[in-house]
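A.B. asks: Handing you this structure, nothing more for now.
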Amino acid sequence: MKTPFAALALLAVLGTPALAQDLPQPVKARQGQFNIMALNLGVLGGMARGTVEYDAEAAQAAADSLVAVSSLSQGAMWPDGTDDGSIAGTRAKADIWGNMDDFASKWADFGEAATAMAAAAGTGRDALGPNMGALGNACKACHDTYRAPE
């Protein structure tokens, strides 16, 4: 089970900048998971665009990491009072807490897109593009509704 360990190691490393801020632990944790997602989406996106040489093993590892992150329980990372109107350092809109079922559904949609990517990532560069589109759409659906602009 290298993937969960790798995901936790990446969370520890990539979550370190969040530790420098005076944020509640749940906010640091969720920002860490989004950093892991961004790192792995960057690997897959670069391969899909052809700016990074396709490597089946690296593509599979990145996709598996996305699945691992998508399987994390979100409940403890989203306590009341951790929205952008309540504390600085987060872009999470308060609408999340009023629409938690929809928010959870959008997170599940990301998980489904990540699972589809994991099924295809190691099969060749041509399989990445359509799956990157699905992942991008899943991210955008949540960001458009629940993420405040910078």
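Keep in mind that glycine also has a Cβ here, set from the backbone N, Cα and C atoms.
Below, the features straight out of TrEMBL:
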SIGNAL    1-20  signal peptide
BINDING   C139, C142, H143  heme c binding site
A.B. asks: Please list, in sequence order, the residues in the chain of C139 (heme c binding site) that are at least six apart in sequence and whose C-beta is under 8 Å away from its C-beta.
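C.D. replies: Spatial neighbours, sequence-distant, of C139 (heme c binding site): L41, F110.
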A.B. asks: If you take the centroid of the Cβ atoms of C139, C142, H143, the listed heme c site, which other residues of that chain have their Cβ within 8 Å of it?
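C.D. replies: Everything else in range on the chain: K106, F110, A138, K140, A141, D144, Y146, R147.
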A.B. asks: If you draw a 10 Å sphere on the Cβ of H143 (heme c binding site), how many other Cβ atoms land inside?
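C.D. replies: Taking every protein chain into account, the count is 14.
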A.B. asks: Same-chain residues six or more away whose CB lies under 8 A from the CB of C142 (heme c binding site)?
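C.D. replies: Counting only residues 6 or more apart in sequence, the Cβ neighbours of C142 (heme c binding site) under 8 Å are F103, K106, W107, F110.
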A.B. asks: May I ask you to report the DSSP-based helix, strand or coil state of C139 (heme c binding site)?
C.D. replies: helix
